[in-house]
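**Student:** Structure incoming, see below.
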Amino acid sequence: MKRMIALDGAQGEGGGQILRSALSLSMITGQPFTITGIRAGRAKPGLLRQHLTAVKAAAEICRATVEGAELGSQRLVFRPGTVRGGDYRFAIGSAGSCTLVLQTVLPALWFADGPSRVEVSGGTDNPSAPPADFIRRVLEPLLAKIGVHQQTTLLRHGFYPAGGGVVATEVSPVASFNSLQLGERGNIVQMRGEVLLAGVPRHVAEREIATLAASFSLHEQAVHSLPRDQGPGNTVSLEVESENITERFFVVGEKRVSAEVVAAQLVKEVKRYLASPAAVGEYLADQLVLPMALAGTGEFTVAHPSCHLLTNIAVVERFLPVRFGLIETDGVTRVSIE
């Protein structure tokens with residue numbers, strides 16, 4: 001019997017990433033774990049609907065036995081079984097993030113006995129989670145370089161707080177992992193601004209695009225008007241395509257916040273990324289830790305290692321026989337497998 005790994009949910013940033021990473025790694029390695037203090041660092045601690053959906057999805061895919069899988073629970077025991085490929089559907093029942101549920105279960109399906117399709121309904125444009133377009137246009141091309149073949153499709157948008165969105169991913173077992181080397185971003189090739197609207201006046205998008213264009217030379221500007229029943233909602237994105245990597249940044253519009261202020265938040269975030277020669281943005285860095293650890297090799301550079309990133313690394317090192325090295329030089333941190 002494999003040893004039970006004990007995790008403290010309050011460590012590091014004290015959020016849901018500890019649980020999601022632990023679920024992924026437990027499914028992959030077959031190691032059971034117990035976690036206490038789930039989301040202890042949040043205003044509303046314990047399992048919310050999206051976290052509970054991730055737990056139940058993981059349990060279904062690997063036929064795990066679980067204790068503590070209920071709303072508000074701050075303690076969970078997870079004993080995994082064998083990961084099985086198949087056609088899975090999960091409903092969050094709120095505007096909780098579809099992509100964070102997918103992020104939990106997809107890595108395990110890289111090791112399944114056959115191809116899989118996973119469909120999740122809930123929120124797709126959530127201020128605290130990567131949207132589906134980030135997964136499709138930024139993460140999945142990098143995963144392909146590592147040897148992971150998965151394809152995410154956004155079937156219907158679901159804005160916070162209403163939800164109602166649907167995201168599906170098709171994934172195949174990985175034959176072998178490759179090393180990802182992202183030391184340098186390279187020169188910028190082009191920048192693209194994009195606005196999504198649902199039940200929001202078009203002039204909002206025009207003002208947001210104008211704010212982006214005042215700070216950056218945009219090679220493309222796009223406004224996509226969605227059916228009103230998918231809203232109300234508004235998301236502004238800016239994609240930076242460089243020689244070695246494409247990064248995408250986004251801000252979700254809020255009620256009583258002007259279009260100019262929303263877009264200015266995005267401008268600030270992109271300028272912070274471009275001010276450093278680091279290849280990877282803060283949020284993408286979190287997503288690369290697990291696949292890089294599974295490959296057992298690779299490196300990337302990031303301007304500042306976030307608490308989220310450091311917490312994720314700590315959890316990965318509990319489950320896998322790898323060690324990460326972080327070396328800071330001239331304001332850039334190089335993250336690599338030692």
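Cβ atoms are placed via backbone N, Cα and C, with glycine included.
These numbers come from a predicted model, not from an experiment.
When I checked Swiss-Prot for this same protein, it listed these features:
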type: BINDING; residues: Gln103, Tyr283, Leu284, Ala285, Asp286, Gln287; note: ATP binding site
type: ACT_SITE; residues: His308; note: active site, tele-AMP-histidine intermediate
**Student:** What three-state class does DSSP give Gln287 (ATP binding site)?
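**Tutor:** Looking at the DSSP assignment, Gln287 (ATP binding site) belongs to a helix.
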**Student:** Hey, how far is Gln287 (ATP binding site) from His308 (active site, tele-AMP-histidine intermediate), Cα to Cα, in Å?
**Tutor:** 10
**Student:** Cα-Cα separation of Ala285 (ATP binding site) and His308 (active site, tele-AMP-histidine intermediate), in Å?
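**Tutor:** About 9 Å separates the two Cα atoms.
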**Student:** What Cα-Cα separation, expressed in whole Å, is found between Asp286 (ATP binding site) and His308 (active site, tele-AMP-histidine intermediate)?
**Tutor:** 7
**Student:** If you draw a 10 Å sphere on the Cβ of Gln103 (ATP binding site), how many other Cβ atoms land inside?
**Tutor:** 23
**Student:** List the Cα distance (Å, whole number) between Leu284 (ATP binding site) and His308 (active site, tele-AMP-histidine intermediate).
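**Tutor:** So the alpha carbons of Leu284 (ATP binding site) and His308 (active site, tele-AMP-histidine intermediate) sit roughly 11 Å from each other.
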**Student:** Please report the number of other Cβ atoms within 10 Å of the Cβ of Ala285 (ATP binding site).
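**Tutor:** I get 25 for this one.
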**Student:** Can you give the largest Cα to Cα distance in Å, as a whole number, for the residues Gln103, Tyr283, Leu284, Ala285, Asp286, Gln287 that bind ATP in the record?
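**Tutor:** For the residues that bind ATP, the greatest Cα distance is 14 Å.
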**Student:** Starting from the Cβ of Tyr283 (ATP binding site), draw a 10 Å sphere and report how many other Cβ atoms land inside it.
**Tutor:** 20
**Student:** Identify, in sequence order, the residues in the chain of the residue listed as 'active site, tele-AMP-histidine intermediate' that are 6 or more apart from it along the sequence and have a CB within less than 8 Å of its CB; answer 'none' if there are none.
**Tutor:** Gly12, Glu13, Gly15, Gln17, Glu282, Asp286
**Student:** Compute the mean position of the Cβ atoms of Gln103, Tyr283, Leu284, Ala285, Asp286, Gln287, which form the recorded ATP site, and then list in sequence order the other residues of that chain whose Cβ is within 8 Å of it.
**Tutor:** Pro130, Leu139, Glu282, Leu288, Val289, Leu309
**Student:** According to DSSP, does Gln103 (ATP binding site) sit in a helix, a strand, or coil?
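**Tutor:** For Gln103 (ATP binding site) - judged by DSSP and reduced to three states - the answer is helix.
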